[in-house]
Amino acid sequence: MHPRFQTAFAQLADNLQSALEPILADKYFPALLTGEQVSSLKSATGLDEDALAFALLPLAAACARTPLSNFNVGAIARGVSGTWYFGANMEFIGATMQQTVHAEQSAISHAWLSGEKALEAITVNYTPCGHCRQFMNELNSGLDLRIHLPGREAHALRDYLPDAFGPKDLEIKTLLMDEQDHGYALTGDALSQAAIAAANRSHMPYSKSPSGVALECKDGRIFSGSYAENAAFNPTLPPLQGALILLNLKGYDYPDIQRAVLAEKADAPLIQWDATSATLKALGCHSIDRVLLA
(Lines of atoms letter the chains of each structure in order from A and count residues from 1; the text may use other names and numbers.)
(Lines give C-alpha, C1' and ligand atoms only; values in the text may rest on other atoms or scores of the structure.)
Protein backbone atom coordinates (compact mmCIF):
# COMPACT_ATOMS: atom_id res chain seq x y z
CA MET A 1 0.00 0.00 0.00
CA HIS A 2 1.25 3.49 -0.82
CA PRO A 3 2.14 5.23 2.47
CA ARG A 4 -0.19 8.15 1.77
CA PHE A 5 -3.24 5.89 2.21
CA GLN A 6 -2.29 4.32 5.53
CA THR A 7 -3.83 6.87 7.91
CA ALA A 8 -7.10 7.16 5.97
CA PHE A 9 -7.31 3.40 5.49
CA ALA A 10 -6.97 2.76 9.23
CA GLN A 11 -10.05 4.90 9.88
CA LEU A 12 -12.33 3.00 7.49
CA ALA A 13 -14.92 0.49 8.67
CA ASP A 14 -13.53 -3.01 9.15
CA ASN A 15 -15.55 -4.59 6.34
CA LEU A 16 -14.48 -1.86 3.91
CA GLN A 17 -10.84 -2.30 4.97
CA SER A 18 -11.04 -6.03 4.31
CA ALA A 19 -12.56 -5.52 0.87
CA LEU A 20 -10.14 -2.75 -0.11
CA GLU A 21 -6.92 -4.29 1.19
CA PRO A 22 -6.14 -6.41 -1.89
CA ILE A 23 -6.99 -3.48 -4.17
CA LEU A 24 -4.71 -1.05 -2.32
CA ALA A 25 -1.89 -3.55 -1.88
CA ASP A 26 -0.16 -2.31 -5.03
CA LYS A 27 2.07 0.69 -4.32
CA TYR A 28 0.97 2.02 -7.70
CA PHE A 29 -2.77 1.59 -7.11
CA PRO A 30 -4.17 3.64 -10.03
CA ALA A 31 -6.57 5.72 -7.90
CA LEU A 32 -9.59 4.36 -9.70
CA LEU A 33 -12.09 1.56 -9.16
CA THR A 34 -13.59 -0.43 -12.00
CA GLY A 35 -17.31 -1.07 -12.11
CA GLU A 36 -16.64 -4.64 -11.03
CA GLN A 37 -14.62 -3.45 -8.03
CA VAL A 38 -17.36 -0.98 -7.06
CA SER A 39 -19.94 -3.77 -7.17
CA SER A 40 -17.70 -5.98 -5.05
CA LEU A 41 -17.23 -3.24 -2.44
CA LYS A 42 -20.98 -2.63 -2.30
CA SER A 43 -21.62 -6.32 -1.72
CA ALA A 44 -18.94 -6.56 0.97
CA THR A 45 -20.12 -3.51 2.90
CA GLY A 46 -23.85 -3.31 2.24
CA LEU A 47 -23.43 0.32 1.21
CA ASP A 48 -25.22 1.85 -1.75
CA GLU A 49 -23.24 3.80 -4.34
CA ASP A 50 -23.64 7.18 -2.69
CA ALA A 51 -22.67 5.94 0.78
CA LEU A 52 -19.71 4.02 -0.64
CA ALA A 53 -18.42 7.08 -2.47
CA PHE A 54 -18.60 9.13 0.73
CA ALA A 55 -16.77 6.37 2.63
CA LEU A 56 -13.98 6.37 0.03
CA LEU A 57 -13.46 10.15 0.01
CA PRO A 58 -10.71 10.07 2.67
CA LEU A 59 -8.63 7.90 0.33
CA ALA A 60 -9.08 10.39 -2.50
CA ALA A 61 -8.18 13.29 -0.19
CA ALA A 62 -5.04 11.40 0.85
CA CYS A 63 -3.74 12.00 -2.68
CA ALA A 64 -3.74 15.78 -2.16
CA ARG A 65 -0.49 17.76 -2.46
CA THR A 66 -1.08 20.88 -0.37
CA PRO A 67 2.20 22.37 0.90
CA LEU A 68 0.65 25.86 1.00
CA SER A 69 -2.83 25.41 2.43
CA ASN A 70 -2.58 22.02 4.15
CA PHE A 71 -6.26 21.77 3.18
CA ASN A 72 -6.86 18.42 1.51
CA VAL A 73 -9.85 18.04 -0.78
CA GLY A 74 -10.84 14.73 -2.33
CA ALA A 75 -13.25 14.04 -5.16
CA ILE A 76 -14.58 10.94 -6.88
CA ALA A 77 -15.91 11.25 -10.43
CA ARG A 78 -18.32 8.49 -11.45
CA GLY A 79 -18.10 7.63 -15.13
CA VAL A 80 -20.92 6.32 -17.30
CA SER A 81 -18.74 3.23 -17.81
CA GLY A 82 -19.12 2.40 -14.12
CA THR A 83 -15.52 3.29 -13.28
CA TRP A 84 -14.86 5.68 -10.38
CA TYR A 85 -11.92 8.08 -10.63
CA PHE A 86 -10.20 9.66 -7.62
CA GLY A 87 -9.03 13.26 -7.64
CA ALA A 88 -7.32 15.61 -5.18
CA ASN A 89 -6.10 19.19 -5.06
CA MET A 90 -2.50 20.06 -5.87
CA GLU A 91 -0.35 23.10 -5.05
CA PHE A 92 3.14 23.74 -6.40
CA ILE A 93 5.84 25.45 -4.35
CA GLY A 94 7.96 27.81 -6.44
CA ALA A 95 5.30 28.25 -9.13
CA THR A 96 2.33 30.63 -9.13
CA MET A 97 -1.02 30.12 -7.45
CA GLN A 98 -2.61 30.08 -10.91
CA GLN A 99 -0.98 26.68 -11.49
CA THR A 100 -3.03 25.13 -8.66
CA VAL A 101 -5.27 22.13 -9.43
CA HIS A 102 -8.64 21.75 -7.69
CA ALA A 103 -9.87 18.31 -6.61
CA GLU A 104 -12.83 18.38 -8.98
CA GLN A 105 -10.54 19.28 -11.88
CA SER A 106 -8.27 16.43 -10.85
CA ALA A 107 -11.01 13.79 -10.77
CA ILE A 108 -12.59 15.01 -14.01
CA SER A 109 -9.25 15.15 -15.84
CA HIS A 110 -8.37 11.72 -14.48
CA ALA A 111 -11.57 10.36 -16.03
CA TRP A 112 -11.17 12.24 -19.32
CA LEU A 113 -7.51 11.32 -19.80
CA SER A 114 -8.38 7.69 -19.00
CA GLY A 115 -10.82 7.59 -21.91
CA GLU A 116 -14.09 7.99 -20.01
CA LYS A 117 -16.85 9.30 -22.30
CA ALA A 118 -19.01 11.17 -19.78
CA LEU A 119 -19.71 11.55 -16.06
CA GLU A 120 -22.86 10.77 -14.12
CA ALA A 121 -21.90 12.31 -10.78
CA ILE A 122 -19.09 13.72 -8.68
CA THR A 123 -18.69 13.30 -4.92
CA VAL A 124 -16.62 15.88 -3.01
CA ASN A 125 -15.81 16.34 0.67
CA TYR A 126 -16.23 20.15 0.51
CA THR A 127 -18.63 22.27 -1.51
CA PRO A 128 -17.22 23.10 -4.96
CA CYS A 129 -15.90 26.63 -5.37
CA GLY A 130 -17.18 28.85 -8.16
CA HIS A 131 -14.10 28.07 -10.25
CA CYS A 132 -14.91 24.35 -10.18
CA ARG A 133 -18.60 24.85 -10.84
CA GLN A 134 -17.66 26.74 -13.98
CA PHE A 135 -15.10 24.07 -14.93
CA MET A 136 -17.77 21.37 -14.63
CA ASN A 137 -20.14 23.32 -16.87
CA GLU A 138 -17.78 22.65 -19.79
CA LEU A 139 -18.49 18.90 -19.58
CA ASN A 140 -20.74 17.06 -22.01
CA SER A 141 -22.89 16.12 -19.01
CA GLY A 142 -23.54 19.85 -18.59
CA LEU A 143 -25.83 21.13 -15.89
CA ASP A 144 -27.31 17.66 -15.34
CA LEU A 145 -24.16 16.42 -13.56
CA ARG A 146 -25.08 15.27 -10.05
CA ILE A 147 -23.04 16.71 -7.17
CA HIS A 148 -22.89 14.80 -3.89
CA LEU A 149 -21.71 16.52 -0.69
CA PRO A 150 -21.58 15.12 2.88
CA GLY A 151 -24.69 15.82 4.92
CA ARG A 152 -26.70 17.20 2.00
CA GLU A 153 -29.13 15.93 -0.60
CA ALA A 154 -27.61 15.43 -4.03
CA HIS A 155 -28.28 18.22 -6.50
CA ALA A 156 -27.61 18.84 -10.15
CA LEU A 157 -24.90 21.29 -11.20
CA ARG A 158 -27.67 23.64 -12.38
CA ASP A 159 -28.65 24.09 -8.71
CA TYR A 160 -25.10 25.16 -7.82
CA LEU A 161 -24.65 27.31 -10.93
CA PRO A 162 -27.92 29.16 -11.62
CA ASP A 163 -28.16 31.38 -14.70
CA ALA A 164 -25.04 29.61 -15.93
CA PHE A 165 -22.75 30.91 -18.66
CA GLY A 166 -21.14 28.16 -20.67
CA PRO A 167 -20.06 26.83 -24.05
CA LYS A 168 -23.58 26.86 -25.47
CA ASP A 169 -23.67 30.64 -25.04
CA LEU A 170 -20.71 30.78 -27.42
CA GLU A 171 -22.29 28.27 -29.82
CA ILE A 172 -19.74 25.59 -29.00
CA LYS A 173 -21.08 22.14 -29.86
CA THR A 174 -18.13 19.89 -29.01
CA LEU A 175 -17.75 19.71 -25.24
CA LEU A 176 -15.15 18.50 -22.77
CA MET A 177 -15.06 14.67 -22.73
CA ASP A 178 -16.48 14.45 -26.25
CA GLU A 179 -14.13 12.49 -28.50
CA GLN A 180 -11.76 14.77 -30.41
CA ASP A 181 -8.81 14.14 -32.73
CA HIS A 182 -7.10 17.12 -34.33
CA GLY A 183 -5.08 14.89 -36.60
CA TYR A 184 -1.49 16.00 -36.09
CA ALA A 185 1.06 13.42 -37.24
CA LEU A 186 2.85 11.48 -34.52
CA THR A 187 6.58 12.05 -35.03
CA GLY A 188 9.78 11.76 -33.02
CA ASP A 189 10.51 9.47 -30.10
CA ALA A 190 7.92 7.82 -27.85
CA LEU A 191 7.72 10.79 -25.47
CA SER A 192 7.26 13.28 -28.30
CA GLN A 193 4.57 11.10 -29.84
CA ALA A 194 2.78 10.89 -26.49
CA ALA A 195 2.78 14.69 -26.23
CA ILE A 196 1.44 15.06 -29.78
CA ALA A 197 -1.26 12.45 -29.14
CA ALA A 198 -2.29 14.41 -26.04
CA ALA A 199 -2.44 17.62 -28.10
CA ASN A 200 -4.68 15.84 -30.60
CA ARG A 201 -7.22 15.28 -27.81
CA SER A 202 -7.20 18.91 -26.65
CA HIS A 203 -10.45 20.72 -25.98
CA MET A 204 -9.62 24.19 -27.26
CA PRO A 205 -12.61 25.60 -29.15
CA TYR A 206 -11.97 29.19 -28.00
CA SER A 207 -8.31 29.78 -28.83
CA LYS A 208 -7.68 27.03 -31.42
CA SER A 209 -4.37 26.44 -29.62
CA PRO A 210 -3.88 22.67 -29.21
CA SER A 211 -1.25 21.49 -26.77
CA GLY A 212 -0.21 18.41 -24.87
CA VAL A 213 2.47 17.49 -22.35
CA ALA A 214 4.12 14.13 -21.76
CA LEU A 215 6.25 13.33 -18.70
CA GLU A 216 8.70 10.44 -18.66
CA CYS A 217 9.58 8.93 -15.28
CA LYS A 218 12.86 7.27 -14.39
CA ASP A 219 11.27 3.82 -14.67
CA GLY A 220 10.08 4.59 -18.21
CA ARG A 221 6.43 5.25 -17.35
CA ILE A 222 4.88 8.08 -19.38
CA PHE A 223 2.03 10.34 -18.24
CA SER A 224 0.31 12.63 -20.73
CA GLY A 225 -1.96 15.63 -20.24
CA SER A 226 -4.21 17.42 -22.72
CA TYR A 227 -5.20 21.08 -22.75
CA ALA A 228 -8.80 21.72 -21.56
CA GLU A 229 -10.24 25.17 -22.23
CA ASN A 230 -13.26 26.70 -20.55
CA ALA A 231 -15.88 29.13 -21.80
CA ALA A 232 -15.00 31.44 -18.91
CA PHE A 233 -11.28 31.21 -19.86
CA ASN A 234 -9.75 31.35 -16.34
CA PRO A 235 -10.90 27.85 -15.25
CA THR A 236 -8.97 26.42 -18.23
CA LEU A 237 -6.65 23.56 -17.25
CA PRO A 238 -3.17 23.60 -18.86
CA PRO A 239 -1.77 20.37 -20.34
CA LEU A 240 1.03 20.13 -17.78
CA GLN A 241 -1.51 19.98 -14.98
CA GLY A 242 -3.26 17.08 -16.69
CA ALA A 243 -0.01 15.12 -16.81
CA LEU A 244 0.88 16.01 -13.20
CA ILE A 245 -2.58 14.92 -12.05
CA LEU A 246 -2.03 11.45 -13.50
CA LEU A 247 1.54 11.22 -12.22
CA ASN A 248 0.41 12.04 -8.70
CA LEU A 249 -2.69 9.86 -8.64
CA LYS A 250 -0.80 6.85 -9.99
CA GLY A 251 1.61 6.98 -7.05
CA TYR A 252 4.60 8.82 -8.51
CA ASP A 253 6.34 11.96 -7.25
CA TYR A 254 7.94 14.98 -8.91
CA PRO A 255 11.55 13.71 -8.46
CA ASP A 256 10.53 10.69 -10.56
CA ILE A 257 10.24 12.94 -13.64
CA GLN A 258 13.35 12.73 -15.79
CA ARG A 259 12.15 14.39 -18.99
CA ALA A 260 9.19 16.37 -20.32
CA VAL A 261 7.94 17.26 -23.78
CA LEU A 262 5.42 19.96 -24.70
CA ALA A 263 3.67 19.77 -28.08
CA GLU A 264 2.07 22.94 -29.46
CA LYS A 265 1.84 25.10 -32.57
CA ALA A 266 4.55 27.71 -33.07
CA ASP A 267 2.03 30.29 -34.27
CA ALA A 268 -0.82 29.50 -31.86
CA PRO A 269 -2.61 32.49 -30.29
CA LEU A 270 -1.81 31.04 -26.85
CA ILE A 271 1.59 29.54 -26.02
CA GLN A 272 2.20 27.13 -23.13
CA TRP A 273 5.99 27.00 -23.22
CA ASP A 274 6.94 29.65 -20.64
CA ALA A 275 4.42 28.56 -17.99
CA THR A 276 5.12 24.87 -18.59
CA SER A 277 8.89 25.16 -18.35
CA ALA A 278 8.75 27.48 -15.32
CA THR A 279 6.49 25.12 -13.38
CA LEU A 280 8.50 22.03 -14.30
CA LYS A 281 11.73 23.72 -13.22
CA ALA A 282 10.09 24.64 -9.90
CA LEU A 283 9.35 20.92 -9.48
CA GLY A 284 12.96 19.97 -10.24
CA CYS A 285 12.68 18.91 -13.90
CA HIS A 286 15.14 20.69 -16.19
CA SER A 287 15.11 18.36 -19.21
CA ILE A 288 12.25 19.97 -21.12
CA ASP A 289 11.74 19.86 -24.88
CA ARG A 290 9.22 21.38 -27.25
CA VAL A 291 7.89 19.80 -30.43
CA LEU A 292 5.90 21.83 -32.93
CA LEU A 293 2.62 20.56 -34.30
CA ALA A 294 2.44 20.55 -38.07
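Including glycine, each Cβ sits where the backbone N, Cα and C put it.
Going by Swiss-Prot, these are the annotated features:
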ACT_SITE  GLU104  active site, proton donor
BINDING   ASN89, MET90, GLU91  substrate binding site
BINDING   HIS102, CYS129, CYS132  Zn(2+) binding site
DOMAIN    48-168  domain 'CMP/dCMP-type deaminase 1'
DOMAIN    186-294  domain 'CMP/dCMP-type deaminase 2'
10 Å Cα neighbourhood of GLU104 (active site, proton donor): matching binding-site residues from MET90, GLU91, CYS132: CYS132
For CYS129 (Zn(2+) binding site), the three-state class that DSSP assigns: coil
Secondary structure of MET90 (substrate binding site) (DSSP, helix/strand/coil): strand
For the Zn(2+) site built from HIS102, CYS129, CYS132, further residues of that chain with CB within 8 A of the site's CB center: ALA103, GLU104, GLN105, PRO128, GLY130, HIS131, ARG133, PHE135
DSSP state at HIS102 (Zn(2+) binding site), helix/strand/coil: coil
Remaining residues near the recorded substrate site, that is with C-beta within 8 Å of the centroid of the site residues ASN89, MET90, GLU91: ALA64, ARG65, THR66, SER69, ALA88, PHE92, THR100, VAL101, HIS102
When distances run from the Cα of HIS102 (Zn(2+) binding site) to each of the binding-site residues ASN89, MET90, GLU91, the nearest one: ASN89
Composition by DSSP (helix, strand, coil) of residues within the domain 'CMP/dCMP-type deaminase 2' (186-294): 35 helix, 28 strand, 46 coil
Cα-to-Cα gap, ASN89 (substrate binding site) vs CYS132 (Zn(2+) binding site), nearest whole Å: 11
Integer Å distance between the CA atoms belonging to MET90 (substrate binding site) and CYS129 (Zn(2+) binding site): 15
